[in-house]
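Trainee: Have a look at this one before I ask anything.
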Amino acid sequence: MVSTLEKTNVGSITQIIGPVVDVKFPSGNLPEIYNALTITAKNEAGQDVSVTCEVQQLLGDNQVRAVAMSATDGLVRGMEVVDTRAAISVPVGNATLGRIFNVVGEPVDELGPVGTEDKSPIHREAPKLVDLETQPSVFETGIKVVDLLAPYRRGGKIGLFGGAGVGKTVIIMELINNIAKAHGGVSVFGGVGERTREGNDLYNEMIESKVINPENLSESKVALVYGQMNEPPGARMRVGLSALTMAEYFRDVSKQDVLLFIDNIFRFVQAGSEVSALLGRMPSAVGYQPTLGTEMGELQERITSTKEGSITSIQAVYVPADDLTDPAPATTFAHLDATTVLSRGLASKGIYPAVDPLDSTSTMLQPSVVGKEHYDVARAVQSTLQRYKELQDIIAILGLDELSEDDRLVVARARKIERFLSQPFFVAEVFTGSPGQYVKLEDTMKGFKMILSGELDDLPEQAFYMVGGIDQVIAKAEKLKAEA
């Protein structure tokens, strides 16, 4: 802890502007950029104040400008500041599983200290080119629409795009649940600038679904790192790196395949923009920081597969005003292997997960990677849905009866496909009342092939809604027929 630090380099606060603190050090003893500074003192009310800051600028005249990782309430000019001579470091290893940390690696779940001495600095180089694994392989998620139309790459980066309230966090929770159960893999969750209530709900739901076991933490499958909306921008800007550092240890030292969830990568950019303005940098397009591309690259390039293990990253991307050309989502796009775009139109129809089958893309959807059969089924599904989309204007003006026989068949099959792309989630059982379904890729393909071939043309549309495999569709259709 801070109290055990040797005070070899001590400065004092000269200025405080919100989360930005200026510190003066003795001549010739300036800390380096990204060094952690600690301030431990008592405020005027006699309460303990403990703040960690990160050096961002060297101002000249032996002064540095640092950004605080927690609230600066209670700090005053003249307080003593200790240079730790190292970057912020966080605990790593199996002892982190089942625990909740803040940006500087302190546990915030009231379960006592972390039982590990292993710590890693949050700033590191990306793996070298020669260490990277370049052979592509698909990561099965058990979610039909994802596995069929926009499959995820093992060790790749996936973006979950959507406006407010279309279900990004629910999909993330379902993926954590499915990966833990189907693959037995560990996950690291970075809560970047999202609602504290959601963080609390996520933790409780993970306990309910046995992803976290508070009685026996060694059985837990996920470590959580939170820097929520109420935290200063410094914490929100760095919490993604803290989570990534924990994931890197599982990849490089434990030699595991890890899932890294970042919810929400837009808040990481937003926090960087706030810090940039506080540091007095000239804003770039739409008021974002001029270093937007660099900051994003430093984070994203560390998320990759090496010959030892992989980090597969799933990042929720809030799209401001549903505008995909905004610099924040646009910069994120450049790094992604797959995009899962959530559509407000589908959500309003009650189709969940509200993944847009035409807008969602993946570099893995190639015959050489997924095989010809998978590729052909996926493209046939998309072309049927695309034709339905083109016909919707005609239907709205003239009605369904004015369409040709072939087009009416396309519409009927497209509506079944649209409904069959929905599926009940394990983590949403409380809301839907339907038991969750994990659908294997071969079952997904079998179902869509049967719809496309016309084998199921005589089944009613509602039989395809909110089910798992095609066998459940047939059973539901028989049940509906019996009730009619």
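Sequential numbering from 1, following the chain as shown.
Glycine too: its Cβ is placed from the backbone N, Cα and C atoms.
Swiss-Prot lists these features:
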| type | residues | note |
| --- | --- | --- |
| BINDING | GLY162, GLY163, ALA164, GLY165, VAL166, GLY167, LYS168, THR169 | ATP binding site |
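Each of these features: where is it, how hidden is it, and who are its neighbours?
Mentor: For THR169 (ATP binding site), the count of additional Cβ atoms within 10 Å of its Cβ stands at 22 [all protein chains shown].
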Trainee: Once near-sequence residues are set aside, which residues in the chain of LYS168 (ATP binding site), 6 or more away, have Cβ atoms under 8 Å from its Cβ?
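Mentor: The answer is LEU160, GLY162, ASP263, ASN264, ALA316, TYR318, LEU342.
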Trainee: DSSP secondary structure for GLY162 (ATP binding site), reduced to helix/strand/coil, please.
Mentor: strand
Trainee: Taking only same-chain residues 6+ apart in sequence, whose CB is under 8 Å from that of VAL166 (ATP binding site), what do you get?
Mentor: LEU342, SER343, ARG344, ALA347, ALA354
Trainee: Over all shown protein chains, what is the count of other CB atoms within 10 A of the CB belonging to GLY167 (ATP binding site)?
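Mentor: I count 19 other Cβ atoms within 10 Å of it.
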Trainee: Near the ATP site, what residues other than GLY162, GLY163, ALA164, GLY165, VAL166, GLY167, LYS168, THR169 in the same chain have a C-beta no further than 8 Å from the centroid of the listed C-beta atoms?
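Mentor: These residues sit around the ATP site: TYR318, LEU342, ALA347.
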Trainee: Which site among GLY162, GLY163, GLY165 has the most other CB atoms no more than 10 Å from its CB, taking these as binding-site residues?
Mentor: GLY162
